[in-house]
Structure formats: C-alpha cells, structure tokens
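> Once you've had a glance at the structure underneath, I'll fire off some questions.
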Amino acid sequence: MANYSHAADNILQNLSPLTAFLKLTSLGFIIGVSVVGNLLISILLAKDKTLHRAPYYFLLDLCCSDILRSAICFPFVFNSVKNGSTWTYGTLTCKVIAFLGVLSCFHTAFMLFCISVTRYLAIAHHRFYTKRLTFWTCLAVICMVWTLSVAMAFPPVLDVGTYSFIREEDQCTFQHRSFRANDSLGFMLLLALILLATQLVYLKLIFFVHDRRKMKPVQFVAAVSQNWTFHGPGASGQAAANWLAGFGRGSTPPTLLGIRQNANTTGRRRLLVLDEFKMEKRISRMFYIMTFLFLTLWGPYLVACYWRVFARGPVVPGGFLTAAVWMSFAQAGINPFVCIFSNRELRRCFSTTLLYCRKSRLPREPYCVI
C-alpha cells in the first residue's frame, strides 16, 4: 500500500501544465455539453405531449440524473484539477459529492436494466405492455430505482466502503484497496452483474425478433370446397380471412355464420400494429445504444478498479487511469446525441419545437370593425 501511494505521488509530481490544460478543457466541454444537451432533451420531453408515454418517462429520468451529476459533481473535479489535484472542501463535502456521483452511476445502471425489461415487454408482450405500463407504473419504477440507488450509495457515507478523495482520479469516490481488506468489492460486483443482466435481456430480445423474422417453408394441405369458401378440415383459413376483410363474394361460409363482415377497419388495424412494432424496435435500438455506450465508457474504469483490488504488483498506469476516469465523465453527455441521431420521433419533435421558437411573428394589421 505504501509503494502504491509513493508511485502515485511520483506520477502527480510529473503532471505537466499541458496535461492539466487538456484535463480542464475536456472536462469543461463535457460539463457544458452534458448540462445543455440533457436540459434541452428534458424540456422537449416535458413540453411535447406526444412524448408523454412509457419509454420517454424513463429517458427524462436519465436526463435528470445526468444533469445532477454534471452540474454538481463535475465542478468539484474541475476545481480539484485546477488546484493541483488537491481537495480543499472538507471531509463531509467529499462524502456528499462521492455519494451523489455513485448514486448517479448506480441509478443509470438500474434504470437501463428496467428499460431493457420494458423494451422486451413492448415487443414480446405488446398488449400487456400497453395496458399495464401507465404513468403511475412508470412513476413506481422510477421511485424503486432511486430507492435502490440510494441503498447502494449511502452505506459508504457511514464508512462501509469508505469514500475518500483519490488524487490519481481528481475526485471523491470509493477507496479501492486490496481484496483481503476491501469493502468496496461487493459494490463493483453488483454493478457488473447489473450490466451483464441488461445485456442478457437485450440478447433475449434480439433472439425473439430474429425468430419471428425467420421464414419457414409453407406446408400446403389440400382443402375441399363446393362453393369456393374452402372451410373445414384442410383449409388454411385464408378464404375466411378474405371474406371477413370484405373481399369475399357470395353466401356466408357455414363456419362464419353470425360473424359480421368488416370491409375497411381490419387492414387499417394491421398496418397500425406494424407501425407500432417498427416504432418500438427503433426505441429499443436507441436504448440499447445508450446501454452499450454506458458499458463501453465505464468499462475501462471498472477494469482499473478491479486491477487495484486484485493486482499485487504494478499499479494502474497513470495515463490509462486518467483516460478511464474521463471516459466515465463523458458518459453523462453522450445520451442527448444518441437521442437525436437514433430516434426519428425525437428528431422530428425537436426540429418542430426549434422552428416554432425561431419563427418570427408577423405584425398585426390595423383594422376596424364595421
């Protein structure tokens, strides 16, 4: 442990002004993009009534979590880098900032897992999804996620998995020690388990969609009919379906007596269901991109944490650790870009709202009432 601290001090002493400038510039850019981007998406989701439904409630919650982390936690990291990787705000402030950072991380992980489950329900069990996933259900899920996140982030405040200022990371977070005297390993294992479970749910969803798209050979069975209705044993039911859709002529088939013929609405309902299915797939693709980017940007930092817990010999290289920490910071500002570039509906609503705000109002003509 002493060797680790001594090596870290040597790395910090060799920190060049150029490195500090790059850190401050990149972190300032991340703060601005994250706060502005997530705030714009939040305003759009709250203002447009067509987006007041299940998947976008969760997206609004994710945006609020990223705004919380970017607006409160990142400025303290900025000041830490500016002051030469030192903390000048006291132990209690360090614990509060670390609590908020870990809270946001676990909240995003839990919420992405819940979103993956709802995405599977939206495609595999669409009728159940549309009936049960109401506003109050989404609110209950959001409250549950925040409760679980607080339960995960609060114990270190009471020195169970101690929060402290890590100079190599320029932030207050978990103090990762060797696994023999470590009490933060359980938190990291749970986070990795949540990310793995989220990927498995999306993998199951991909298999479900692939199985439904797989074309199977048609097995023709001979059907017998005297009046071209083709009902009874051996019939595929297509003639009856055509008659119900309004394309049948002649008398009613015997098996369809008492059923009213519908000429127009059946085709419309089928097209509406197909459009909804495609829309749900696009939304699922957007949330999977968010999940994949979360895993990609947080992955190197998790590797560095496990390295410090289990490795006995060499410490984590300073360049790798800095890049991993800043990649985890960048995750807070990546979701607005994913929303705009991968969701056609959000892009259309955003352009409509922007054009409406920029539209100049014509002056009123003077008139008189006769």
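Cβ atoms here come from the backbone N, Cα and C positions, even for glycine.
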> Taking Thr91 first and then Phe337, would you say Swiss-Prot puts both of them on the same side of the membrane?
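Taking the topological domain names from Swiss-Prot at face value, Thr91 sits across the membrane from Phe337.
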> Would you mind checking which of Cys143, Cys172, Cys305 shares a disulfide with Cys94 in Swiss-Prot?
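Answer per the record: Cys172.
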> Annotation N-linked glycosylation site per Swiss-Prot: which of the candidates Asn14, Asn182 has it?
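My reading of Swiss-Prot gives Asn182.
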> By the record in Swiss-Prot, which of Asn83, Asn227 is the one labelled N-linked glycosylation site?
Asn83
> For the transmembrane segment (58-78), what are the same-chain contacts with Cβ under 8 Å, counting residues 6+ beyond its ends?
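Contacts with the transmembrane segment (58-78): 24, 27-28, 30-31, 34-35, 38-39, 41-42, 45-46, 89, 93, 97, 100-101, 104, 107-108, 111-112, 114-115, 118, 138, 141-142, 145, 170-172, 290, 329, 332-333, 335-336, 339.
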> With the transmembrane segment (189-209) as the reference, which stretch in 26-46, 138-158, 287-307, 314-334 has the largest tally of C-beta pairs below 8 Å?
287-307
> Got a sec? Which of these disulfide-bonded residues, Cys94, Cys172, has the most Cβ atoms within 10 Å?
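It comes out as Cys172.
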> Which ones in the same chain are close to Asn83 (N-linked glycosylation site), with CB under 8 Å and 6+ residues apart in sequence?
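Result: none.
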> Average pLDDT across the topological domain 'Extracellular' (159-188)?
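Averaged over the topological domain 'Extracellular' (159-188), per-residue pLDDT gives 77.
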> Under an 8 Å Cβ to Cβ limit, what residues of the same chain, 6 or more beyond the ends of the transmembrane segment (26-46), are close to it?
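Long-range Cβ neighbours of the transmembrane segment (26-46): 56, 59-60, 63-64, 66-67, 69-71, 74-75, 77-78, 81, 326, 329-330, 332-333, 335-337, 339, 346, 349-350, 353.
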